[in-house]
Amino acid sequence: MMQITMENKSSVSEFILMGLTDQPELQLPLFVLFLMNYTATVMGNLTLMNLICLNSNLHTPMYFFLFNLSFIDFCYSMVFTPKMLMSFILEKNTISFGGCMAQLFFFLFFVNSESYVLTAMAYDRYVAICKPLTYKVIMSPKICCLLIFSSYLMGFASAMAHTGCMIRLSFCDSNIINHYMCDIFPLLPLSCSSTYVNELMSSVVVGSAIILCCLIILISYAMILFNIIHMSSGKGWSKALGTCGSHIITVSLFYGSGLLAYVKPSSAKTVGQGKFFSVFYTLLVPMLNPLIYSLRNKDVKLAVKKTWKRITS
């Protein structure tokens, strides 16, 4: 039924993805570079997920959220990276209308879910530092599962809303997407029908989600900072900062790179420039997250040593 609706609404049956650049001399170097990036992202996130599963000392709320963050980054990179790599080796990288809408849906689902998971992680750090005596009660397995389920549910709802609005548009003439993936803003200029609802949806839904998540994260860290200031021991300071450091870096990278891609001065707000900024949060952030949590975390380092001993013994 959906397939019939999409065909009736649009005369375009497929789109052509322009990719990151059309300069021939850059195609091979960029293919190798992003293939290495993709391999590192997949291996890094799979390794971290396996470490958390195999080591009982990592079966805590903090690592439960981290497992889901790695799972999202793993899936997230698989949504568009293979198709992006094809753009470097094919003369014409096409994607069907249905495939484009599916890619858009899963991209939005995972990126929104990651935003909410990062918010849940900030709340977890707040409870761990500010309410250590009741931490296990507040962050019970039931509450943790509820927070993760809510994160995925909110991501699903947002993706459904945006994709549903996009499917309703008519695409008549141009089918060339000036991007390496199907995203909201590269698709809107191709529509020959009104995009007012889509633009309103993007402003309201995305704006509300960002404000809500950022507000919860900022309040959580404000409370943590207030608590740290009143700590008497330097050891407490060090432990608190060590616990939050990795998450602060991850949040800064995720939201900072996202803002670069979508919130720019009007003079620079073009899709062509946006796709270069998109590389940071679509390709670099999923690759860096496992490294950030591995290099700065003693528990993960210990888990690596234990797992390595099991393999070699």
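Positions of Cβ are set from backbone N, Cα and C atoms, glycine also.
Relative to the membrane, Arg168 and His230 are listed by Swiss-Prot as lying on separate sides.
Helix, strand and coil counts from DSSP across the topological domain 'Extracellular' (81-96) read 9 helix, 4 strand, 3 coil. Same-chain neighbours of the transmembrane segment (60-80): 38, 41-42, 45-46, 48-49, 52-53, 103, 106-107, 110-111, 113-114, 117-118, 120-121, 124-125, 128, 139, 144, 147-148, 151, 180-182, 250, 282-283, 285-287, 289-290, 293, 299, counting only residues six or more beyond its ends whose CB sits under 8 Å from a CB of the stretch. With every protein chain in view, the residue among the disulfide-bonded residues Cys100, Cys192 whose Cβ has the most Cβ partners within 10 Å turns out to be Cys100. Looking at which of 97-117, 137-157, 209-229, 240-260, 275-295 has the most CB pairs under 8 Å to the transmembrane segment (28-48), the answer is the stretch 275-295.
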